[in-house]
């Protein structure tokens with residue numbers, strides 16, 4: 001019982017190390033958080049202002065960046081109405097709130113996070129399953145209002161349940177999905193062929 | 001039977017429960033804090049059963065999509081499945097801390113009656129939240145729904161009123177812990193534990209507000225999920241393990257505390273910035289590729305360190321111990337944590353491959369083994385320590401009466417979870433191939449992968465192993481109620497006065 | 001793009017080599033510790049063999065994940081980190097347990 005514990009293996013040494021490592025990592029995380037949040041504020045280059053729902057949106061391979069990238073095009077107002085930035089934000093907000101209140105995330109993934117029972121919604125607005133750009137908005141709203149009757153099961157028998165979504169909520173969800181599809185997600189999902197991008 | 005007969009039957013049941021409860025509260029082998037801990041453990045086990053049940057229902061829906069359609073839809077079952085998991089883990093941790101608080105501080109718990117009240121408040125709140133999940137399920141797209149029904153954010157779906165309640169209860173728990181240590185001895189474990197609880201409660205606040213911007217939403221959401229699961233929970237379990245190792249294997253305090261600090265340095269050093277691996281695809285800048293990639297590669301280091309240390313310890317202590325079931329679960333923890341968090345985590349963590357695995361059954365595979373290996377096992381080990389003490393510190397070594405029960409339960413649970421993990425791995429592998437790489441993640445691609453025979457068969461096997469897990473869970477519950485009853489032999493004595501300061 | 005994704009044909013190699021990195025690192029660490037505790041040099045051979053396997057896995061992993069530029073530092077830190085870390089942890093084990101009382105067989109011979 002006489003041997004001394006060397007300093008580098010002592011309790012105090014590791015106590016100090018633990019404090020410094022934890023503190024250092026946390027300070028670094030806070031600094032990175034400030035930077036990241038400034039870059040993902042709506043209206044920046046990575047996350048678009050809500051008014052983007054007035055524009056045409058697509059998703060294409062960017063040769064310079066070597067990855068897929070959202071592309072914002074000309075005017076293409078949602079449901080034929082051009083909205084101000086405030087109106088657009090209000091609409092997207094209602095959509096986001098509805099997505100949360102209906103617990104979409106426990107079947108679907110959003111930006112790849114959530115559950116795996118139903119398809120990812122990140123680029124749902126751009127999916128070729130909506131057949132043509134002209135009919136897309138109406139198809140989406142109809143589907144949300146009565147998912148059982150307008151079921152799109154792709155041979156899986158998995159049907160979305162009726163979640164008592166109202167007309168304004170359905171339109172807002174579509175606005176939210178359109179806005180979400182414009183987020184620069186660093187090339188996720190890869191190889192996704194958007195509606196209207198068929199060769 | 002008439003209504004009156006039912007009423008009489010209920011009255012008899014109630015009287016019986018009250019009487020059993022009175023017997024338990026008079027148990028001379030347990031301190032006040034330990035009795036409260038047993039309350040927490042009991043609810044934890046009930047929630048564990050709920051987790052298994054709703055996991056089975058959700059799993060069945062993959063096989064039979066019309067099963068319970070528009071009655072208990074997948075999203076409800078899945079939400080209860082993962083919420084029950086989170087809450088039973090927390091109940092286990094809180095209970096474990098109450099269990100050793102008096103032993104560690106050397107004084108009685110300060111404000112125990114507030115702790116007791118907090119337990120009943122929390123349990124009542126959990127019950128209400130689950131009933132609302134099951135019977136109301138969802139609301140209109142407004143704040144009222146988020147406040148009263150469901151916040152709709154995976155893992156932290158609890159409505160806002162419950163969030164506030166949870167914070168209040170955690171603060172009461174924190175008060176019990178900090179005030180008791182302040183009055184008694186401040187050990188190294190006490191210091192780490194107290195600071196970790198501050199972080200745990202503080203991080204929860206990051207998940208308690210609504211924002212429209214989903215990138216910002218998920219940024220903070222991961223603060224709660226990742227920094228709980230891959231940082232503060234790990235350290236909390238480290239504290240519980242540290243105390244248990246002193247009791248179970250008779251390791252000296254100074255050694256245990258030094259290693260606790262080493263673990264904190266390694267866990268927080270890799271885990272805090274390891275958060276970056278969740279920031280690849282949610283709109284956040286590209287530098288997270290590098291940070292997330294590098295720190296994720298560091299995250300297995302503590303686990304490999306554990307391999308060296310456990311071999312060192314097995315050579316030195318030769319696993320002499322007084323509680324065989326608990327030690328078996330600690331060993332299951334070592335393997336499960338290493339495979340689930342280490343191997344399964346590293347396989348799909350770098351952005352180069354995560355681009356294809358993100359949001360597939362890969363995550364489910366990793367999640368099942370990692371949560372079980374890292375946390376469920378430790379809680380179960382602690383439940384066995386608690387039962388031993390509650391029965392009067394009786395023998396729990398070899399040749400236990402009905403020893404087959406704990407062994408069978410352990411085998412079924414471990415094999416079951418491992419089997420589910422492998423099945424989900426195959427499903428995830430197929431999904432990343434067909435849906436992600438070939439079909440480019442369209443909806444048609446998603447369903448092409450879901451309808452593929454590999455995926456369908458994997459889901460059948462997941463169900464088979466899920467049933468095995470559930471059988472093991474049921475057996476475990478039964479065993480915890482029965483083990484050590486009627487045992488007369490005292491527990492083996494390990495490591496003499498080794499735990500003294 | 002800062003990263004070049006794994007090619008479809010390399011998926012299996014990527015998953016498998018990643019798993020094998022962690023497993024062979026653990027095997028190396030375990031054999032190393034075992035050799036120390038049993039003082040049997042032939043386990044060292046096993047440990048070095050496991051480490052050689054680890055290096056091969058890191059090589060495959062780095063290739064299929066298209067590591068170039070600073071990503072190669074990750075390969076290097078895996079190779080160096082996993083080589084020295086078990087040794088460091090071992091020394092830490094010995095040093096922290098230096099005052100181990102009677103009942104351990106290690107101290108039995110050394111501190112009496």
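Cβ atoms here come from the backbone N, Cα and C positions, even for glycine.
Sequence annotations record features per position, and here TrEMBL assigns transmembrane segment to B:37-60, B:80-101, B:117-140, B:160-182, B:189-211, B:223-246, B:258-281, B:287-312, B:324-347, B:367-387, B:408-429, B:459-481.
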Report task. Determine which recorded stretch among B:223-246, B:367-387, B:408-429 has the most C-beta pairs below 8 angstroms with the transmembrane segment (B:324-347). Result -> B:367-387
Requested in this report: Using Cβ atoms only, state whether the transmembrane segment (B:459-481) and the transmembrane segment (B:37-60) have three or more pairs under 8 Å that are 6 or more apart in sequence.
Outcome: yes
Report summary line: With the greatest number of Cβ pairs under 8 Å to the transmembrane segment (B:37-60), the stretch among B:160-182, B:189-211, B:258-281, B:367-387, B:408-429 is B:367-387
Report task. Report, as numbers and ranges, which residues of the same chain sit near the transmembrane segment (B:160-182): CB under 8 Å and 6 or more residues beyond its ends. Result -> 94, 97-98, 101-102, 104-105, 107-112, 114-115, 117-118, 121-122, 125, 128-129, 146-148, 151, 190, 193-194, 197-198, 200-201, 204-205, 207-208
Requested in this report: Return the stretch with the most CB pairs under 8 A relative to the transmembrane segment (B:223-246), choosing among B:117-140, B:367-387, B:408-429.
Outcome: B:367-387
